[in-house]
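Enquirer: This is the structure I want to talk about, given as structure tokens.
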Amino acid sequence: SVGFKAGVKEYKLTYYTPEYETKDTDILAAFRVTPQPGVPPEEAGAAVRAESSTGTWTTVWTDGLTSLDRYKGRCYHIEPVLGEEDQYIAYVAYPLDLFEEGSVTNMFTSIVGNVFGFKALRALRLEDLRVPTAYIKTFQGPPHGIQVERDKLNKYGRPLLGCTIKPKLGLSAKNYGRAVYECLRGGLDFTKDDENVNSQPFMRWRDRFLFCAEALFKAQAETGEIKGHYLNATAGTCEEMMKRAVFARELGAPIVMHDYLTGGFTANTSLAHYCRDNGLLLHIHRAMHAVIDRQKNHGMHFRVLAKALRLSGGDHVHAGTVVGKLEGERDITLGFVDLLRDDFVEKDRSRGIYFTQDWVSLPGVLAVRSGGIHVWHMPALTEIFGDDSVLQFGGGTLGHPWGNAPGAVANRVALEACVKARNEGRDLAAEGNEIIREASKWSPELAAACEVWKAIRFNFKAVDTLDPERE
């Protein structure tokens with residue numbers, strides 16, 4: 001005899017435990033599970049838990065060398081999704097000892113590693129995570145956070161304004177720097193490298209950094225305002241990424257940038273630590289996110305990627321506009337924006353938030369609005385997202401018929417008009433267009449922008465929508 005019962009047993013016999021009471025130290029997950037025909041939801045939910053904790057496909061004798069009951073993940077509740085056939089939300093608890101401290105990489109490797117390829121599942125999506133306070137305290141988080149950034153920039157009481165330099169690829173470093181200067185001189189707070197601007201043959205990174213630094217210091221001197229350009233440090237190796245961040249700091253630049261999903265969480269966390277130690281702000285782009293989060297029944301919701309970014313570290317992150325060209329349903333978007341900015345967020349299924357999340361004073365992240373927005377969107381953006389956001393107009397600045405600087409002027413005037421109207425008690429949602437028209441009477445740059453983009457709409461139905469609420 002081998003001393004144990006060999007063979008295969010159903011996952012639900014071990015990992016489905018509806019009587020389990022969750023602990024404050026557990027990582028909790030909500031999965032949207034779509035089982036294959038004939039697979040009970042309890043078995044599908046338990047299978048996910050097994051593969052992401054202590055399980056394998058058969059009983060093994062080394063199970064007897066540890067306490068599986070202590071370390072196994074547990075599926076503690078399953079509920080059907082209203083309006084969907086054969087779709088369930090499975091709630092899972094993971095013991096904290098399964099995860100390495102301060103490692104988003106390890107957390108995701110465990111929770112969303114192999115399980116998404118299970119044959120027993122037609123589809124699987126991670127909808128939300130509750131990260132326990134004990135685990136949060138092992139992370140540095142954002143390099144600086146919202147309040148420290150405002151203090152560094154000396155900018156209060158309004159959203160920050162940015163612009164992505166276009167065309168994103170093909171400009172020489174000097175012409176690129178010229179566009180940066182014109183936008184900053186016109187009134188923007190930031191300009192930005194696009195996510196795929198790294199170090200290509202037409203514009204090597206060092207040349208771009210030098211011309212952009214010259215542009216922002218010249219604009220600062222002429223306006224008396226602190227300016228920044230998101231210098232993209234993303235590179236093919238972590239060593240090269242850090243070399244670029246070091247050079248940016250040596251130039252005196254206030255902010256660098258990273259593509260956190262394509263660059264990876266290990267690289268991102270390393271860069272965030274360097275930024276805190278050296279006084280650099282860190283702008284995060286979410287390139288590749290829609291590959292992971294776009295489909296409603298498979299992948300991972302962006303609210304999970306947003307929480308992971310806050311743990312890994314970033315002072316800004318792109319997070320949808322609601323009104324522009326990119327995906328973003330209002331209630332869902334505001335839910336994960338609060339998860340980025342606020343210190344404590346209550347469970348609220350009407351906004352897609354499955355768990356109450358306490359961030360125990362981890363610094364917050366500014367949500368960046370970008371993608372197909374222009375001056376007519378300014379009232380809605382100001383009203384929806386409030387002051388703690390970055391409004392980034394690429395084509396909505398550089399597409400101005402009079403040039404880059406007038407495009408920046410138009411956006412700054414529109415923003416100041418909206419903030420002033422809001423502070424006077426006017427309703428931006430109801431009076432937004434009138435507020436912009438009034439401001440355009442004394443700003444020819446804004447008037448020209450209003451004329452160009454008066455008929456631009458992106459009216460497409462969102463792919464990712466909320467489930468019907470349970471009674």
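Cβ from N, Cα, C; glycine included.
As annotated by Swiss-Prot, N6,N6,N6-trimethyllysine applies to Lys5. Swiss-Prot lists Asn114, Thr164, Lys168, Arg286, His318, Ser370 with the feature substrate binding site. Annotation comment: Swiss-Prot describes Lys166, His285 as active site, proton acceptor, evidence class sequence analysis. Per Swiss-Prot, Mg(2+) binding site is recorded for Lys192, Asp194, Glu195, and the stated evidence type is sequence analysis. The feature N6-carboxylysine is assigned by Swiss-Prot to Lys192. Feature annotation from Swiss-Prot assigns site 'Transition state stabilizer' to Lys325.
Surface or core, plus neighbours and distances: that's what I need for these features.
Expert: Arg286 (substrate binding site) falls within neither a helix nor a strand when secondary structure is assigned with DSSP, and so counts as coil.
Other Cβ atoms within 10 Å of the Cβ of Lys166 (active site, proton acceptor) number 16 in total over all chains.
When Cβ atoms from all protein chains are considered, those within 10 Å of Lys192 (Mg(2+) binding site) total 30, not counting its own.
Lys192 (Mg(2+) binding site) carries a strand DSSP state (E or B).
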Enquirer: Among all protein chains shown, how many Cβ atoms are found within 10 Å of the Cβ of Asp194 (Mg(2+) binding site), not counting that one?
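Expert: Step by step: centre on the Cβ of Asp194 (Mg(2+) binding site), count other Cβ atoms within 10 Å, giving 19.
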Enquirer: Would you list the other residues of this chain near Mg(2+) - those whose C-beta lies within 8 angstroms of the C-beta centroid of Lys192, Asp194, Glu195 - in sequence order?
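Expert: Those within range, site residues removed, are Thr164, Ile165, Lys168, Asp193, Asn196, Val197, Tyr230, Asn232, Met257, His285.
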Enquirer: Can you tell me how far the Cα of Arg286 (substrate binding site) sits from the Cα of Lys192 (Mg(2+) binding site), in Å?
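Expert: Arg286 (substrate binding site) to Lys192 (Mg(2+) binding site), Cα-Cα distance: 14 Å.
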Enquirer: If you count, for each of the recorded positions Lys168, His285, Arg286, His318, the other Cβ atoms lying within 10 Å of its Cβ, which residue has the minimum?
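Expert: Output over recorded positions Lys168, His285, Arg286, His318: least Cβ neighbours within 10 Å is Lys168.
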Enquirer: Relative to the Cα of Lys168 (substrate binding site), which of the binding-site residues Lys192, Asp194, Glu195 has the closest Cα?
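Expert: Closest recorded candidate to Lys168 (substrate binding site) by Cα: Asp194.
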Enquirer: Judged by the number of other CB atoms within 10 angstroms, which among Asn114, Thr164, Ser370 is the least packed of the binding-site residues?
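Expert: The binding-site residues Asn114, Thr164, Ser370 were compared, and Asn114 has the fewest Cβ atoms within 10 Å.
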Enquirer: If you draw a 10 Å sphere on the Cβ of Glu195 (Mg(2+) binding site), how many other Cβ atoms land inside?
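Expert: Its Cβ shell of radius 10 Å holds 20 other Cβ atoms.
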